[in-house]
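S.K.: Below is the structure I would like to discuss, written out as structure tokens.
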Amino acid sequence: MGNGVKEGQVDFRQQDVEPVTSTHLPSEGNQEKKKVLNSLMSGALAGAVAKTAVAPLDRTKIMFQGESRWLLQNAPYRLIYRTYLNEGFWSLWRGNSATMVRVIPYAAIQFCAHEEYKQLLGSYYGFQGKALTPFPRFIAGSLAGTTAAMLTYPLDMVRARMAVTPKEMYSNIVHVFIRISREEGLKTLYRGFTPTILGVIPYAGLSFFTYETLKKLHADHSGKLQPSPPERLLFGACAGLIGQSASYPLDVVRRRMQTAGVMGHTYSSILLTMQEIIREEGLIRGLYKGLSMNWVKGPIAVGISFTTFDLTQILLRKLQHSTNVER
């Protein structure tokens, strides 16, 4: 996650600095292209690994959020077991192909955008090559999440539909697009878009802010150049816990609006959706339904995602540095 470069030597003292050697120094344009490509590749891998690891919990959370009734027998972990008994083990990963189609571009765009926003904000606030202060750090994360969500939202809609419907209803991702467009209209693909954007601002902002803040505090107090992989996982888990807890009610509203067409409901706006959920199910049991599962799933997914991104970035930079030295 680089912001600055110290020329003439390989410098690992700043934890997020991209190593560059003065020997056969590539042009600035080539460096920037490689940096963007590295961020895209690292982000795509991070998203794919993290989401596959928690896919069963993710599908169950979507199913649980989509329920309009609070039934004790439908508690999240019992729902996982019931799904396993009724549909088989691999059904717990149903919709994961749609998740991958969405999460790979989403994570690639989000992580790459975060790097670019950090660089832009660093230049604007005069922190080029240094860690951003708290407010720009939060803004960079929020902008990155918003950018990724705007560009990939229809894929999220498709994933939600596949997760809550039986496999006989939609045979594949393309079938979901065709059937929604034909039966409900193209605008349905953007149903729930507003709560998604409103939710991703605090979620992405707090997630990136927390993770980068913990890495900075670790470097300041431990004197270590880089946190270890277990430490990165822990920092990412804390980031996921804080970010998802802050934005969870809007996540429930988003899922209800996305799955309304197949769950027998009609939700016309965020406020009306919230009102109906609270009226039928209560504030806590409605808007925070499945949060306990998110406290398990979210930290694991975000921890794996941030750790995979950082370690992949480090590996790619070392490979590029070795190649430049050999030349």
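Quick reminder: no glycine exception, Cβ is built from N, Cα and C everywhere.
The shown structure was predicted, so the numbers you read here are calculated from the model rather than taken from an experiment.
In case it's useful when we look at the structure, here is the feature table from TrEMBL:
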COMPBIAS  20-29  compositional bias 'Polar residues'
REGION    1-32  region 'Disordered'
REPEAT    34-120  repeat 'Solcar'
REPEAT    132-217  repeat 'Solcar'
REPEAT    227-315  repeat 'Solcar'
S.K.: Helix, strand, coil residue numbers for the repeat 'Solcar' (227-315) per DSSP?
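M.R.: So the counts come to 76 helix, 0 strand, 13 coil.
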S.K.: Taking the repeat 'Solcar' (227-315) alone, what is its mean pLDDT?
M.R.: 86
